[in-house]
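Let me begin by presenting the structure, written as structure tokens, before commenting on it.
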Amino acid sequence: MCGGCVVGAIYCITVLCKMKEKNPWHKAVVIFIAVLGIIAIVALVTTAVLQNKPLQQKFKYGIVLDAGSSHTAVYIYEWPAEKENDTGRVKQKHFCQVKGPGISSYSLSPEQAGHSLRLCIQEAVLNVPRRRHHETPLYLGATAGMRLLRMENQSLCDQVLGSVEKVLQSTPFDYQGARIISGQEEGAFGWVTVNYLSDRLKQGSGTTGALDLGGASTQITFATNQDETGESAENTVTFRLYGNDYFLYTHSFLCYGKDQVLKLALAQQTQAGASTLLDPCFNQGYSTNLSYSSVYSSPCITTQKPLAAGEGFTHRGTGNALQCQEVVRRIFNFSGCTFSHCSFNGVYQPPLQGQFGAFSAYYFVMNFLNLTSDTLENNMEKMARYCSTPWTQIKQQFPNVKEKYLAEYCFSGTYILFLLTHGYNFTSDTWSNIKFIKKISGSDAGWTLGYMLNLTNMIPAEAPDTPPLPHAGYVTLLLFTSLLLFLILLCSLRSLWVRCTSQRQII
Ligand SMILES: Nc1ccn([C@@H]2O[C@H](COP(=O)(O)OP(=O)(O)OP(=O)(O)O)[C@@H](O)[C@H]2O)c(=O)n1
Ligand SMILES: [Ca+2]
């Protein structure tokens, strides 16, 4: 097209050249045509650049409800409508924390489970443009709290799921179902989220493992070599993403989430049924009354409430980190491994590989205790100091932190350090491979994003074809070519002008 302009312009100049002898206005006409030529080229380039500029982006949305054991959270994701298959394109747009406990806590009044979601659903309605409502998929995935309720009472579990289903069906969104996800799914989709958000999936190597600590279960997931996955099929998940094969090791320890593991520790320390428990995992001066049933009613506790026990007991802290480690050690079983390697409780685990991201309660606890960026040894010391600090002092120091959280940090911190080192086998040398994270590029780390990406088929098995030139490259090439043609036009104008002038002199 530009070549045509140049040829046209040269033709005009030739004609003008002939006109020149007869027409006294020839000079003005030549200047006029040259200016017109320049304007035409500028207009051409501008149009080409604007035409190929990405159109104003239209977004699509997806909603996932994370029905955890301790709480429910609603995540709204958004992505550019034309870029569904690009890594890192899906981002968290909005987050709403449902008021009250997790849905499994409503087993005695199931209707309330659905009702508890209403405010966050209203927020979601406002956060997704109305014209997108009907095409926005909405999923609910329930985790360890509901797994435990299902073990305890299948019928109550169904009623709770039915109640949330009723509310979710009545939303303007494209409801896709509410179900209890498996521990493998929870681990594997947490891994997908972490690696998708850090844009590692297209590179095909050097993925990051995922460590998730919830209230009722904890997951460990990392990529291994294919031969390492052979020993235990139930701990293996394979994915083909963007043309790369991944062999993941994953395990979910039910009852080893932060709240259930505390019950394990309390049950283990109250075997004698005494009326007072002196607990080294709580600060000196801390004291509260607990009912025996609050500890022993969990399906995680396999021992019966002690015969000698009354209704309840006084839970009193003595604040001693070393003794607390011993309490924690007793809730792990390190014998009876039938595989080449085990973590604990006879569960297979191949040797750790690569970097890890530790999120959810790992982050809450380690961040509060200021243990996210120090050596293992220093963290042990900091932990000992926190545990031995008197409860009155702790409360004074952190008046704005919920007392329940504050009281449990000595236990939870000790548990996390023990789980990561003795449980999963991180050492002083490999400790720095763990990064405690809450968000990656603005989106929360957790299983929800990976779950949605999988269900909406947003991560293709094969790498999608990419255009031969990116937009910036295309524009550069266009500008360069136009500039070249413009220079050719100028040169042609000049040489014709010289020829015309010399012809006139000959005449
Ligand atoms: N600022 C916060 C927020 C939460 N928590 C604790 O972190 C745990 C909950 O972690 P979370 O990942 O939200 O667990 P759930 O998803 O509810 O549980 P699960 O995954 O086991 O179903 C709970 O023990 C809660 O008390 C905390 O210590 N500090
Ligand atoms: Ca969780």
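Heads up, the Cβ atoms here are built off N, Cα and C, so glycines get one too.
Taken from TrEMBL, the feature active site, proton acceptor covers Glu186. Counted within 10 Å of its Cβ, the other Cβ atoms near Glu186 (active site, proton acceptor) come to 29, all protein chains included.
Ala216 (ATP binding site) falls outside any helix or strand according to DSSP and counts as coil. Long-range C-beta contacts of Ala216 (ATP binding site), restricted to its own chain and to partners at least six residues apart, with a cutoff below 8 Å, comprise Gly68, Ser69, Ser70, Thr143, Ala144, Gly145, Arg147, Leu148, Leu254, Cys255, Gly257, Asp259, Gln260, Cys300. Among the features that TrEMBL reports, ATP binding site is placed at Gly215, Ala216, Ser217, Thr218, Gln219.
Summarising the annotation, TrEMBL assigns transmembrane segment to 28-50 (among others).
Annotation source TrEMBL lists transmembrane segment at 474-497 (among others).
Counting only same-chain residues at least 6 apart in sequence, those with a Cβ under 8 Å from the Cβ of Thr218 (ATP binding site) are Leu211, Asp212, Ser252, Phe253, Tyr256, Gly257, Leu419. Excluding the listed site residues Gly215, Ala216, Ser217, Thr218, Gln219, the same chain places Ser69, Thr143, Ala144, Asp212, Leu213, Gly214, Ser252, Phe253, Leu254, Tyr256, Gly257, Lys258, Gln260 with Cβ atoms within 8 Å of the centre of the ATP site Cβ atoms. Screening the recorded positions Glu186, Ala216, Gln219 for a C-beta under 6 A from any atom of ligand 1 leaves Ala216. Its Cβ taken as reference, Gln219 (ATP binding site) is surrounded by 28 other Cβ atoms within 10 Å in the chains shown.
Nearest Cα neighbour of Glu186 (active site, proton acceptor) among the listed binding-site residues (Gly215, Ser217, Gln219): Gln219.
Within 10 Å of the Cβ of Ser217 (ATP binding site) there are 27 other Cβ atoms, across all protein chains.
Of all Cβ atoms in the shown protein chains, 23 besides its own fall within 10 Å of the Cβ of Gly215 (ATP binding site).
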